[in-house]
Amino acid sequence: ARYGEDSAGLANSTLSFSPSLTIACQHCGTRVLPDESYLLEEFDTTAVTTEKHPSKSSNQGAESMLKMAGPALVVFSIAASVYIGAIAKGWDWFSYHPAAMIIAYVAMAGNSVLIKKVGGKTNTEIHGYLMSAAMLTACFGWYVIYTNKNAKGYPHNTSWHAWAGVACTVSWIVMAPFGYLAFNPTNGFARTNKQLRLIHKLGGRFLIALAWFTCFLGWYKMQGELVSRIAFGAPLVILAPICLL
């Protein structure tokens with residue numbers, strides 16, 4: 001019995017963390033930092049509890065934001081794509097360019113960030129899948145504009161919109177595979193590196209902000225009416241703090 005008490009004491013001292021900064025699994029007692037709480041899902045996704053200062057309320061807030069802003073991002077992207085392609089000028093090959101870019105950077109990337117904020121291993125994986133899908137969709141959008149300009153004999157990259165778009169697309173091509181290799185919750189080589197994760201988080205959100213601004217520049221260039229410009233820009237301004245802060 002004495003040996004059991006000493007072992008328990010040693011275990012308690014070994015696993016002694018600040019209760020306000022740790023998350024414990026009721027199933028096995030494993031403790032991790034809140035940022036690594038997704039690791040507990042490997043043991044029992046129904047048995048994760050927080051101590052003293054739970055993060056459950058923050059997760060509920062993130063879930064509420066996802067339920068509110070997530071569909072709004074999708075509806076906005078579809079409405080903008082339909083308007084620019086079918087209503088404003090008629091659908092043609094070029095129309096796939098703004099549609100693909102808006103869907104990739106606003107609907108997919110925006111929802112990807114909101115899902116990641118909820119936390120958990122599964123949501124982290126979904127975040128990666130959506131960002132990869134956004135990269136592929138954006139590459140298709142770039143292919144459309146490249147071939148469209150070639151067909152019409154227009155020069156490439158002659159505006160700030162074009163150069164910003166190239167920067168976003170190239171950065172996404174780099175970030176997506178690196179993010180998977182480094183941060184996937186199963187075997188990413190830097191999944192517990194706080195510094196790299198912070199750089200990835202802030203860098204990714206900066207790129208999304210740049211992508212949204214680039215989408216607005218393209219819309220501003222195509223749409224001469226003030227009402228149309230405001231109708232496109234205002235939702236992005238409203239949704240940006242929700243998604244990116």
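Glycine is no exception: its Cβ is also placed from the backbone N, Cα and C atoms.
Keep in mind the model is a prediction, meaning the values are calculated, not measured.
TrEMBL has this to say about the protein:
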DOMAIN    65-245  domain 'Cytochrome b561'
TRANSMEM  68-88  transmembrane segment
TRANSMEM  94-114  transmembrane segment
TRANSMEM  126-145  transmembrane segment
TRANSMEM  160-181  transmembrane segment
TRANSMEM  202-220  transmembrane segment
> Of the listed stretches 68-88, 94-114, 160-181, which one has the most C-beta pairs under 8 A with the transmembrane segment (126-145)?
Replying inline: 94-114
>> Looking only at the domain 'Cytochrome b561' (65-245), what is the model's average confidence as pLDDT?
In response: 95
